[in-house]
Amino acid sequence: MTASTALTVAIWIGVMLIGGIGSVLRFLVDRSVARRLARTFPYGTLTVNITGAALLGFLAGLALPKDAALLAGTGFVGAYTTFSTWMLETQRLGEDRQMVSALANIVVSVVLGLAAALLGQWIAQI
């Protein structure tokens, strides 16, 4: 095995391990928020996605080396945030005829997500 191959394998193992940490943290944050707030709206998923957008914006603002960005961005933040759960919860709100909540979930997630990413980048650059 060459040094380059060994480094690539180490990075991918790191992404898997750090991704595991990100997914466990997502579970803990989601459940903690969901326990404290109304169950009719997916506040837990909203919380992880907004904080994840802020963190990814922050990491992007740092201009990390490629391997560090892969570990932190793809590994941790990619596992911490969840597009698929956001879509499923929005679809379920629609199924339950909670159209205002479904639309609010989309609009609030996109607007706050963009704002959080911009804020994260700004913080990294000061």
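Glycine too: its Cβ is placed from the backbone N, Cα and C atoms.
Residues or ranges marked as Na(+) binding site in Swiss-Prot: G78, T81. Under the heading transmembrane segment, Swiss-Prot lists 5-25, 44-64, 68-88, 99-119.
Using the rule of three or more Cβ pairs under 8 Å, pairs at least 6 apart in sequence, the transmembrane segment (5-25) is not in contact with the transmembrane segment (99-119).
Secondary structure from DSSP puts G78 (Na(+) binding site) in a helix.
Taking all protein chains in view, 19 other C-beta atoms sit within 10 angstroms of the C-beta of G78 (Na(+) binding site).
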